[in-house]
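A short worksheet on the structure shown next.
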Amino acid sequence: MSIVLPSLSGEKSETFTAVSKFSAPVRRPVEPLGRYFLAHASRTLRGHTWSEFEKLEAEKNVKQIEENEDDDLGDEQQSEELLAHDPREWKSADLYAVLGLSHLRWKATEDQIRRAHRKQVLQHHPDKKSASGGLDQDGFFKIIQKAFDVMLDTTKRQQYDSVDTNADVKPPALKSSYDFFEAWGPVFASEARFSKKQPVPLLGSSDAPKDEVDNFYSFWGKFDSWKTFEFKDEDVPDDTANRDHKRYIERKNISNRKKLKQEDNKRLIDLVERAFSEDPRIKQFKEAAKKEKERKKWERDSGSREAAEAAAAKKAAEEEAAKKAAEEAANAKANSKKAKEAAKAAKKKNKRSIRGSVKDVDYFGDAAKADVIEADVDALIERFDDVQLSTYAAKVKDANADAVKTAFTEAVAELSGAGKIDTAILKYFV
Amino acid sequence: MSAVIGITFGNTSSSIAVATQDGKVDVIANPDGDRAIPSALSYVGSDEYHGVQAEHQLVRNAKNTIINFRDFIGKSFDEAETAAPYHVGAPAVKTADGKIAYDIVRDGNNELITVDEISKRHFKQLKDAAEDYIGKEIEGVVLTVPTDFNEHQRQQLTSIATDAGLKVLQLINEPSAALLAHLSADEDRLLQDKIYVVADFGGVRSDAAVISVRGGVLTILATAHEYGLGGDKLDEALAEYFAKEFEKKTKVNPRTNARSIAKLKAESIVVKKTLSNVQTSTCSIESLAEGLDFHTSINRLRYELAARQPLSEMTSFVEKAVAKAGLDNLDIDEVLLVGGASHTPKLASNIQFIFPETTTVVAPALDPKALNPTELVARGAALQASLIESFDEDEIKESLQPIVVNTQHLTKPIGIKDAEGNFQSILVAETAYPIKRSIQVTNGESASVVVELYEGKRTIKETVVEAEPVSDEDSEDDYSDDEPEVKKELVYEAGSKLAELTLKDLKPNSKLEVTVNITQNGTLHLSGRELKQGSVAVKGEITSA
Ligand SMILES: Nc1ncnc2c1ncn2[C@@H]1O[C@H](COP(=O)(O)OP(=O)(O)OP(=O)(O)O)[C@@H](O)[C@H]1O
């Protein structure tokens, strides 16, 4: 059955009308074989003398089939430190850098990983190195193989990507000045990779409509991340002799994972809250909503417009005042928050210097007991209140061994005097 | 018989073919009677063994047996994957100038044989076999190369063949050669516009190319390569299975000594090939380890289970190539399986499984008329050799210039809308310029009609196929899960309108012709006319963005 053409509707004076151009072609090499290629060749060549220019043009912009574009994939040079990384500690190496993929990271496809891995094997295989007279070192090669194992196993790769903070885009520094969209857009684009639900709404631009922005914040408010923290596990010893120890490590790992996961969720919530509070669109929408409400009211009360205007003026003034108050409150809050943070930092510092003091005086010449001493010091620190912390921190600062010891003995006395410590748990300062 | 031949030189095996007068192709057997000639040479005493005879030496004389050297051509030791996992035969060493060679003992003396030299000796053996068969001196040869052979490797291969006394007429890509052979087996095939995946599963590597065929002209849209994946992986899986069996029976581990491993591997290859044809095979190895013989039998299912991993990797490899071309499995009209490992029935059925029913998978296990996949590439090369036999060197060179080869290709199909509003394609995407195509249409009952030229828009139509109602009798064992099956179909719709042309004052049901012609410089000429003496065509032209 042959194709029937549509009938002409209305009068048309033109017999031909050009409407639009057809899509740009792509230049590709055809395969120079077979009868029809030969016909193509003779058609192209027949009666034609091609100018040098045309010939050169024909060599340009040809679609490459074999990927020379990323022929340099995996050619990244590894740093000396990385090459010398202890293979037993392979987990702490930057595994993407190991494969020469630090520019791609989680974006690297399986194919790219395979190709980059091949490159690394070619370069670092121990056989290769010894055959070409190089050093017979296979430490880095072991790390390459570990990295490859991780990257090709979907589960393991997810675990690694979960903790690969090198790939994160950091939020803008708090007190710097920045364009909201330029600074935050990439942060969300980067976090989006962890969402179980894809696609993920992105920040968008300043002219995004309200429902899009709302959708964005409601999605991110309920962000469900697939991050997991197995990669940070302590290795579980596989000697069956010490089963209790094994179980202990396992339990510790599980609780550590939970903790890290909670921390990470919190981090993201904070991030979204901060962005929300800084988002100029949210402010705009609030204002617009307010205006709309006013307009409606104004319309309703159009009979007593004057009164309404007066009220509006009053309201504006009130709002101004409220805004100011809010700002002040926010400032005060920020200040107190800052103060709190400062106090927290000071506390941390004090703890650190108390803890460090015993090491600085070489554990009173009793380095063999370092563990016991440190345990005691930790026990003490735990029981210090803020005042005590700073007092004792001052006492042990730059002090000699005797002074430090005295300080700690004093501390023990003070704490036990106050009933805050049971000296029985102490092993050294008794 | 003509004296020009096609040669395909693989890492694992090589083939020679020659086109006969009537357009058929003979694949040439060497003096051992092999058409798939192992690319292997071995040195025993002062003798050189080639092909199967060399391969047999892998058990007794592995150190002086050279295999798997093709991919090293034109590569330095540092570039090549010499430390590959398949460490069989003489190991590759680095020469003083950074190249790759093999250190062997011949007649009591050490001899360093470079990759170029061993390849040359291999070519000489192939040339002798061909001359022996044809009965005259070979005048020219078309060689095939993988698509990722770089310019330097191509030059090096040409000069090696030349040194071996072969005049190289042209180098062509392996997948294109294979496809040419397949297309030429049936005159209609060459002129059907289709998209093919040519998937080549050799011994030590797998290669795939997505190729569009438009008006008999082939264009490669994408390629994929996987080194280390191939028939050897199937042998390994089988060898491991046998090793376990042997261990269970005898408590002796046969994997600890090189000779036992070589014996296992050799027998595994035989068993694997047998299981491509029949359902069960025996396996017997004299004195496999510690003087103990091994006799067992295995059925195909068990083998497929043992080799599941590499088989599924091969299957997904094909999909990867499709994805690299930016296409969907639905876009693929045919998958042509090439290479020795493509004899494997399970591989063919796995691949058929991932493609829709509209895609034909060409493999001996699915279609007894399919050409032998091991021979396809050589056949294509032989056809090309006979096609260009009469051209002189300059003419061939001229045809290979970028100005001829690098041509513009349409990115979207172009066609017209019929009375029902459906898009009717005239030119498909990836058609190379210049091209001219006509279709016949009619005006039906209307006196005046309009030819509306459109670009096609690719859409995937999904229809839910109602599960067949399960009849009562067999409902017990015929348990169907409730997932409704969704059938996907590739449909082109009219996209953006390009031009319009009217044809008036027609008698009902006249025969009309619409022609689209895109010239070398990219101008599209549209014309429509009534198919009768003295009719005047309506014409117009547009250009591309
Ligand atoms: N009938 C068969 N059934 C299963 N496998 C087969 C059969 N015949 C050959 N093979 C396998 O095919 C592989 C060789 O394929 P082919 O001859 O195409 O290799 P090649 O072109 O040299 O490829 P490469 O360069 O990847 O080694 C070997 O692993 C061989 O055992």
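Numbering starts at 1 and runs along the chain as it is shown here.
The backbone N, Cα and C atoms fix where each Cβ goes, glycine too.
Summarising the annotation, TrEMBL assigns domain 'J' to A:94-164. The region 'Disordered' annotation in TrEMBL covers A:284-351. As annotated by TrEMBL, compositional bias 'Basic and acidic residues' applies to A:284-308, A:315-327.
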Here the mean pLDDT of the domain 'J' (A:94-164) is 83
For the domain 'J' (A:94-164), the DSSP helix/strand/coil residue counts are 52 helix, 0 strand, 19 coil
Summed over the compositional bias 'Basic and acidic residues' (A:284-308), the DSSP helix, strand and coil counts are 24 helix, 0 strand, 1 coil
DSSP assigns the residues of the compositional bias 'Basic and acidic residues' (A:315-327) as 13 helix, 0 strand, 0 coil
